[in-house]
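Notes to accompany the following structure.
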Amino acid sequence: MPNVTEGCVADAKSGVRLATRSDGAAHRDDLKDLTSLAVQGDRTAIESLLAQLRPMVVRYCRARLGRVSGQYHIADDVAQEVCIAVLSALPRYRDMGRPFASFVFGIASHKVADALRSSVRSAVPTQDLPDGPDEGPGPEETVVRYIEAEHARRLLSRLPDNQRELLMLRVVSGLSAEETGNVLGMSPGAVRVAQHRALARLRAMAELESIA
Amino acid sequence: MTAVHPRRPARRYGPEEDPAVSEAEAVIQALSLRRPVSEAAGNDEAVRLLLALIDDVDQCGPSDQRCSSVSITPSA
């Protein structure tokens with residue numbers, strides 16, 4: 001069975017970081033070319049396409065669903081379901097002039113909504129404790145990072161749905177204004193105005209909390 | 001007698017051309033591409049929160065195999 005390796009970049013100090021996009025326009029062109037080949041059944045193109053999309057989907061699901069018992073298992077499972085759904089839908093995909101990412105995040109948005117509806121926040125069984133040195137960040141850094149991320153999630157959850165979704169897609173998943181607009185049914189200009197308002201609202205909420 | 005009203009200043013730009021919108025776009029584009037933000041933006045509480053979230057979701061422990069590889073394409 002061929003593996004889809006997402007191209008993690010190993011970093012000796014910070015562990016393994018998910019691959020990030022380097023250039024927006026080039027990335028979109030790559031995706032467009034890969035998509036047309038993948039729809040025709042080209043296996044290499046399918047693997048490359050999924051390898052490019054998966055990190056974006058994982059980040060989106062993690063940001064929306066958060067951790068359960070300190071782990072991202074549920075979010076990562078949902079991300080995997082999204083990738084499988086994209087793979088299944090690929091033969092039926094028709095290019096209507098919209099970026100492929102908007103098709104993927106349309107699926108991701110529904111999968112996350114399903115997961116939120118059916119979420120049962122129960123303990124997640126874990127494997128045996130790893131036998132070896134933990135090369136990740138120390139406990140204090142881990143806790144601080146966790147608290148800050150949870151604070152961000154809590155404030156984002158208080159934004160109107162459209163503004164929250166917009167920031168998730170643009171900032172966390174790394175979609176362009178055009179791609180985000182296609183997912184949300186907005187023009188790129190409207191996305192830029194809305195993200196400015198979302199940022200201002202987030203800032204106001206954070207400042208209000210720091211005063212209280 | 002004719003009243004003379006001062007002419008209303010024409011609006012110089014629509015919301016999309018508002019400099020604040022362009023500044024927000026520059027910050028969000030930098031966050032999106034995981035590039036450093038300006039010092040001023042880095043002091044913005046909203047940006048700091050988004051950076052914390054990005055840092056959290058991008059991180060992936062060395063033992064987390066879900067982040068290192070996946071097998072979701074069908075067998076040949």
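Heads up, the Cβ atoms here are built off N, Cα and C, so glycines get one too.
Feature annotations, reproduced from TrEMBL:
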DOMAIN    A:50-119  domain 'RNA polymerase sigma-70 region 2'
DOMAIN    A:153-202  domain 'RNA polymerase sigma factor 70 region 4 type 2'
PLDDT averaged over the residues of the domain 'RNA polymerase sigma factor 70 region 4 type 2' (A:153-202): 94
Summary of DSSP states over the domain 'RNA polymerase sigma-70 region 2' (A:50-119), given as helix, strand and coil counts: 54 helix, 2 strand, 14 coil
The domain 'RNA polymerase sigma factor 70 region 4 type 2' (A:153-202) - residue tally per DSSP class, helix then strand then coil: 40 helix, 0 strand, 10 coil
